[in-house]
Amino acid sequence: MGSGISAEDKELARRSKELEKKLQEDADKEAKTVKLLLLGAGESGKSTIVKQMKIIHQDGYSPEECLEFKSVIYGNVLQSILAIIRAMSTLGIDYAEPSCADAGRQLNNLADSTEEGTMPPELVDVIRKLWKDGGVQACFDRAAEFQLNDSASYYLNQLDRITDPNYLPNEQDVLRSRVKTTGIIETKFSVKDLNFRMFDVGGQRSERKKWIHCFEGVTCIIFCAALSAYDMVLVEDDEVNRMHESLHLFNSICNHKFFAATSIVLFLNKKDLFEEKIKKVHLSICFPEYDGNNSYEDAGNYIKSQFLDLNMRKDVKEIYSHMTCATDTQNVKFVFDAVTDIIIKENLKDCGLF
């Protein structure tokens, strides 16, 4: 009698081999998957980083997708000019041109009656007139004393272009548009043979409780902090300085037990706005003990040290930091390349190959 393998055994062996191959393929794919968590306080630029990933590592924004942002941009313009006009009353600032008081009242009436996300000609005329007023500009210069979108002057200075009947938002317009992030937004893309899953979560206090669901298996955290927020208060609590809130949040994340083995990269964002602001507003408004030079370099390095000094495990955990401008595609591309290299290096370390 021969001891040949039965057809059934052969089939079982074939299936077993197929399963092993599938498991190995899944393991290889998982090893190449990077779970990236974007954290930071509200309005620190996280969502702009996500948009940049679409521009840099996906196919960018199609004309149709850009057009979808038109109503968001118009909404941002209206919110911005309304915020300035309301702040004039709060701060006791008068219009330079008395006739602008009527324009201010007209703005409020039109804002109530205009369909959301549209910009009819009479509304454009009123906004244009108000934005040219010296009193409105004086109020804008005190924007740190009230809540105003960073993109306010960008859009208002280009009102004629963005209200043209044939207006199609460009990538910079899209990058500067602001919609509050609620919940968790996932973006997938590939870089240097790695598959990224990037999670952007809402930064306002009410949104943070949702972060916990993203914690497991995170490869890297990018923490965004707005350099320019050193003289500003929170949207949700006007008693709390935004920079102090950001430091408090960073402290809780970089020293959290969940992230003991997670790479952390600090994006000190909005460096362009910070460079302009530091010429006018001393850093001591946020850090009373600071008596250094009020230059971009010295003040920026001081803020960086405030964050990095919070790391309680400096001997075993390095925190990588970069000064960034999230609306500058080339800057984000350069910095994200560096982040990818850090992730590759850390993965090699984990495998004992570095």
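The count begins at 1 with the first shown residue.
Every residue gets a Cβ built from N, Cα and C, even glycine.
Swiss-Prot tags one of the stretches 126-135, 196-205, 276-285, 306-315 as region 'G3 motif', and that stretch is 196-205.
Swiss-Prot assigns the feature region 'G1 motif' to one of the listed ranges (35-48, 147-160, 231-244), namely 35-48. From the options 108-113, 252-257, 300-305, 324-329, the stretch Swiss-Prot describes as region 'G5 motif' is 324-329. Cα of N269 (GTP binding site) to Cα of S47 (Mg(2+) binding site): a distance of 12 Å. If one looks beyond the region 'G5 motif' (324-329) by at least 6 residues along the same chain, the residues whose Cβ comes under 8 Å of a Cβ in the stretch are 45, 48-49, 52, 55-56, 171-172, 175-176, 224, 267-272, 335.
Counting neighbouring Cβ atoms within 10 Å of each of the binding-site residues (L175, V179, V201, A326), the lowest count belongs to V179.
Here the C-alpha separation of V201 (GTP binding site) and T181 (Mg(2+) binding site) works out to 7 Å.
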